[in-house]
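Colleague: Dumping what TrEMBL says about this protein:
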type	residues	note
DOMAIN	6-185	domain 'Formyl transferase N-terminal'
BINDING	GLY15, SER16, ASN17	N(1)-(5-phospho-beta-D-ribosyl)glycinamide binding site
BINDING	ARG68, MET93, ARG94, ILE95, ILE96, ASN110	(6R)-10-formyltetrahydrofolate binding site
ACT_SITE	HIS112	active site, proton donor
SITE	ASP148	site 'Raises pKa of active site His'
Amino acid sequence: MPTPLRIAVLASGRGSNFAALLAARERGELPVEFVLVATDKAAAPVLQLAQMAGIPTMVLDPRDYADRRAYDFALFDRIGASKPDLLVLAGFMRIIDGEALKPWVGRMINIHPSLLPKYRGLHTHRRALKAGDLQHGASVHYVTAELDGGPVIAQASMPVEAGDDESTLAERLLPLEHQLLPAVVALIAAGRLALGENGIVFDQQALDQPLRWQDGQLLR
Ligand SMILES: Nc1nc2c(c(=O)[nH]1)N[C@@H](CN(C=O)c1ccc(C(=O)N[C@@H](CCC(=O)O)C(=O)O)cc1)CN2
Ligand SMILES: NCC(=O)N[C@@H]1O[C@H](COP(=O)([O-])[O-])[C@@H](O)[C@H]1O
């Protein structure tokens, strides 16, 4: 019996995407172990979700650090102590320093509320409405130094409806996110998907050896 994938979740807010991962695990669809939920916000409701599920939590306040890079290095040092196999950004609302995240390239994914490469960054629903897009959606991608620029793994899309505003669009997109993220994590947990040196490798089992990353470099 393979050991379950060890996942650390980073979130800054409500945690509905984390809750969707928890629910998928409870349904037996996700053979993973959540080793930590980390946040930059002491009041983030995601903390209560984790504590109720008996999952260790960590709050790291950026105000306690001299600058962003110092914070990010401290954050990943602390997360690393939990020995996760995969980091999942589920509404983590900080741009991460490229040097600090380098060791995690290939082992960190993010769910982003747009059909990348459209609308990297913030306020995606507002930007899609302003552009008059007929379709909107969410993307799960590997995290790299380039903000929301890492290789896209999968997307879910839906029509923009007449009368939609930011709030209704965000509300209608969430259930799609809650399906998309667990589906991607399940593929990674099954060893069917990884980040190779030339992009996404599907059905990693077809490879003669697992892909391993260190300091942002693919080890052979
Ligand atoms: N280096 C990277 N960092 C992050 C990535 C990434 O791909 N590379 N993904 C983001 C997630 N994200 C969108 O999906 C995102 C999060 C936060 C921001 C942002 O502008 N944050 C501001 C603060 C905003 C606030 O406090 O409300 C900031 O950090 O100054 C943009 C995109 C996670 N990080
Ligand atoms: N740029 C990152 C970003 O905007 N992520 C978005 O934040 C929300 C978090 O909701 P949740 O806390 O309920 O999962 C989600 O919609 C996620 O796509």
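Each Cβ is built from the backbone N, Cα and C atoms, and glycine gets one as well.
Whatever TrEMBL says is automated annotation, not expert-curated.
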Colleague: Three-state secondary structure of the residue listed as 'active site, proton donor' from DSSP?
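Modeller: In three-state terms, the residue listed as 'active site, proton donor' counts as strand.
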Colleague: Can you list which of the binding-site residues ASN17, MET93, ILE95 have their Cβ under 6 Å from some atom of ligand 1?
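Modeller: Among ASN17, MET93, ILE95, near ligand 1: MET93, ILE95.
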Colleague: Whole-number Å distance between the CA of SER16 (N(1)-(5-phospho-beta-D-ribosyl)glycinamide binding site) and the CA of the residue listed as 'active site, proton donor'?
Modeller: 13
Colleague: Count the other Cβ atoms sitting within 10 Å of the Cβ of GLY15 (N(1)-(5-phospho-beta-D-ribosyl)glycinamide binding site), across every protein chain shown.
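Modeller: Around the Cβ of GLY15 (N(1)-(5-phospho-beta-D-ribosyl)glycinamide binding site), 23 other Cβ atoms lie within 10 Å.
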Colleague: Just checking a number: largest C-alpha distance across ARG68, MET93, ARG94, ILE95, ILE96, ASN110 for the (6R)-10-formyltetrahydrofolate site, rounded to a whole Å.
Modeller: 19
Colleague: Does any of GLY15, SER16, ASN17, ARG68, ILE96, ASN110 have a Cβ within less than 6 Å of an atom of ligand 2? These are the binding-site residues; tell me which, or none.
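Modeller: What lies within reach of ligand 2, judged by Cβ under 6 Å, is GLY15, SER16, ASN17.
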Colleague: Quick one: among the binding-site residues MET93, ILE95, ILE96, which has the most Cβ atoms sitting within 10 Å of its own Cβ?
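Modeller: Per the Cβ count within 10 Å, the most buried is ILE96.
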Colleague: Going by Cα-Cα distance, pick out whichever of the recorded positions ASN17, HIS112, ASP148 is nearest to ARG68 ((6R)-10-formyltetrahydrofolate binding site).
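Modeller: Considering only the listed recorded positions, the nearest one is ASP148.
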